[in-house]
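The following block contains the structure, expressed as structure tokens.
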């Protein structure tokens, strides 16, 4: 609970919206709601995946960010060209902490920035020849790359360059997979369309290449981890549990993933989807074309991890189900010790979240395992099926906010007064300057992993370290304290 009744939260929403002109106020009102877990269809009370109001300080990203920054960028043995001006590639380089195994610049390229560095003359005369030359240079300088993706920035779509033709010609010439991705930033309303475009590019240019490959030896226990970007090593801590219960992870993508793993994914028996929002499209495609079932899972916190492990094991035979219970029993003392240590220090603390992807709902259980309560949550780029899932996880009369503006978020925080905020880098310093403990929940504030039982110990430590840091008791300047004491003495 927010500590406020349903009527009070509804009143708060209206108070915050009062500053807007009528048109903007009506639009934003549709994106804010008081949660009711009994509601089965979120569209009855909140809308999402709509264009942000011009002039409002949205926290969203663009389609290029969704494609290059999320889906394609972490594939380690491919070179991802930011085709356009230098800024987009530079500002999206290495920011998400997608861990990988490999030698950077030799057989892994995740943290490097490859750009066609568009200039004015390229806008005037087109950049197809420049792109072809760049691909040749990349092949000469980095011969161990296994493929190339061309991530289009805004000017490419505006001037009508034919990146598909260049990719086909150079791919045939070099006998290498070269994938054109039409992810210009102006497309769609957020980075969500970039995810979809990237999924479609995987479908059209990568999947199917090894369908006739008979050298791959399948087993009944082959799975693929999809939609885990290995931030801080998340995919590794998840993979440990799956392999301990007897499953074989043929592919994980895109964090620490390779193009070969993606090509082999149609041969697995089950696709395990962590980030539903960014990877449900390709999972549905593989279900339709190859008959591969898929399921969501949640490895944040022991309660949800155990639920997910059992749900995954139920898709296989009794031997896997038995090993699953053995894995759960093995790690039980470990996570119980974490709860015993940190729950007394965190019990009753209230959290507000504003993130993207899956986290606004997936991390709720991890906080609850520590005795904390999420009193407000929202997504940057959700669709209504995300809110359908979220409303069941949130308590009654808690606050939901879609594409929340900087102003709205600050005002909600001032009134609800959470003990902790989990959001992104753009919000971090605003709330820290307000004296509110904050965790950057896009890339784990240079920490992690947070997935699985191992990750839960780090998650709990980080929340305790943030909330119970003695610095929050020292925010008042010494001269302000002395002035206050003088006033008290004078009044006495």
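Don't overthink the numbers, they just go from 1 along the chain as shown.
Including glycine, each Cβ sits where the backbone N, Cα and C put it.
So Swiss-Prot has the following annotated:
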type	residues	note
BINDING	62, 88, 154	[8Fe-7S] cluster binding site
BINDING	275, 442	[7Fe-Mo-9S-C-homocitryl] cluster binding site
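Burial and contacts for the listed features, if you can.
Counting every protein chain shown, the Cβ of residue 154 ([8Fe-7S] cluster binding site) has 19 other Cβ atoms within 10 Å.
With a cut-off of 8 Å between CB atoms and residues at least 6 apart in sequence, the same chain places 227, 228, 229, 357, 358 near residue 275 ([7Fe-Mo-9S-C-homocitryl] cluster binding site), listed in sequence order. In the three-state DSSP assignment, the secondary structure recorded for residue 275 ([7Fe-Mo-9S-C-homocitryl] cluster binding site) is coil.
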Where does residue 154 ([8Fe-7S] cluster binding site) sit in the DSSP three-state scheme?
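It is helical.
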Per DSSP, to which secondary structure element type does residue 88 ([8Fe-7S] cluster binding site) belong, with helix, strand and coil as the options?
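DSSP call for residue 88 ([8Fe-7S] cluster binding site): helix.
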For residue 88 ([8Fe-7S] cluster binding site) and residue 442 ([7Fe-Mo-9S-C-homocitryl] cluster binding site), what Cα-Cα distance in Å is obtained after rounding to a whole number?
19
Take the mean position of the Cβ atoms of 62, 88, 154, the recorded [8Fe-7S] cluster site. Which other residues of that chain put their Cβ within 8 Å of it?
63, 64, 65, 84, 153, 184, 185, 186
Over all shown protein chains, what is the count of other CB atoms within 10 A of the CB belonging to residue 88 ([8Fe-7S] cluster binding site)?
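Excluding its own Cβ, the number within 10 Å is 25.
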